[in-house]
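Below is one structure; the comments refer to it alone.
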Amino acid sequence: MITPVLRRQLLQSARQTRCFSSSPIAAAQEIKRLGVIGAGQMGLGIALVAAQKAGVPVTLVDTNQASIDKGLKFADKLLAKDVSKERITQEQADKIRSLLAPTTSMDSLADVDFVIEAVPEIPSLKFSIFESLAQICPPHAILATNTSSISITRIAASTTKDPTDTSASSRVISTHFMNPVPIQKGVEIITGLQTSQETVDTAIAFCKAMGKIPSQSADSPGFLANRILMPYINEAIICLETGVGGRDDIDAIMKNGTNVPMGPLQLADFIGIDTCLAIMKVLYEETGDSKYRPSVLLRKMVDAGWLGKKSGKGFYDY
């Protein structure tokens, strides 16, 4: 007999998962090898945390060897810092580093159980990657994206030319990690229409193994984090460009008045001005709501190449 309490629990569970795939429910898979596509700040962070916290070997893929070299150099720096602060031993650092296997070939992902794509927010690029992953990865592998704004349903649809064939699309999900990955605990789990419950369970279990705290979101433009965060940053930029306040005053009032660790303009620099613009464009185009229109100054800064910390200049100089 279904009691009123049980009925509420079942309804709550259904709202949280928002899975519409007809694939059967199964237990979460064991992840023995992870693949990460993109050796930039996000991809490298994900790979390093997976190796350090979950203890799994990671195949790190990037078509640019220079990006791989830069990423691994950053990993060495982070591990050396942990050793110097006695968070880990040198032996542990060496073990973690040995779990990272860099490559420029996507074909190296043929033996992974879980892959996370972490490339720039360019829809066509992500669609192309997932089309390839459906062919390269084993038929059980979870195909995850770190997208911060692009529809998971659209990404999942790129894995097949037959919409009724969900053998690959049911394994697509978003594990949206927060930057910087080694520090931020939160990760968004977003499902597409095709995503199976097994995929959700496996993604949540693996994120927890990485020491993260998962939150689930519907497949809606910007999801939860950026649907809230990006309009806040965009409005701060509008306040700057229209003379409502100066850079330092804008950041200071938010830090000292709302107890956030950094102001919105400094945060935009750390996220990347180009990333902020890309997300605002998606929000504006997908919803058609003028409140998400990117500010003029945000566009101009991207045109100028002032992308924030990663370029050496944004709202602040680095």
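In case you wondered, yes, glycine gets a Cβ from its N, Cα and C as well.
What TrEMBL annotates here:
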type	residues	note
BINDING	Gly38, Ala39, Gly40, Gln41, Met42, Gly43, Asp62, Glu121, Lys126, Ser148, Asn179, Lys310	NAD(+) binding site
DOMAIN	34-214	domain '3-hydroxyacyl-CoA dehydrogenase NAD binding'
DOMAIN	222-318	domain '3-hydroxyacyl-CoA dehydrogenase C-terminal'
SITE	His176	site 'Important for catalytic activity'
Number of Cβ atoms other than its own within 10 Å, given for Lys126 (NAD(+) binding site): 21
Mean predicted confidence [pLDDT] for the domain '3-hydroxyacyl-CoA dehydrogenase C-terminal' (222-318): 96
Span of the NAD(+) site, taken as the largest CA to CA distance across Gly38, Ala39, Gly40, Gln41, Met42, Gly43, Asp62, Glu121, Lys126, Ser148, Asn179, Lys310 (Å, rounded to a whole number): 22
Residue among the binding-site residues Gly38, Gly40 whose Cβ has the most other Cβ atoms within 10 Å: Gly38
The domain '3-hydroxyacyl-CoA dehydrogenase C-terminal' (222-318): DSSP-derived helix, strand, coil residue counts: 67 helix, 3 strand, 27 coil
Rounded Cα-Cα span from His176 (site 'Important for catalytic activity') to Met42 (NAD(+) binding site), Å: 10
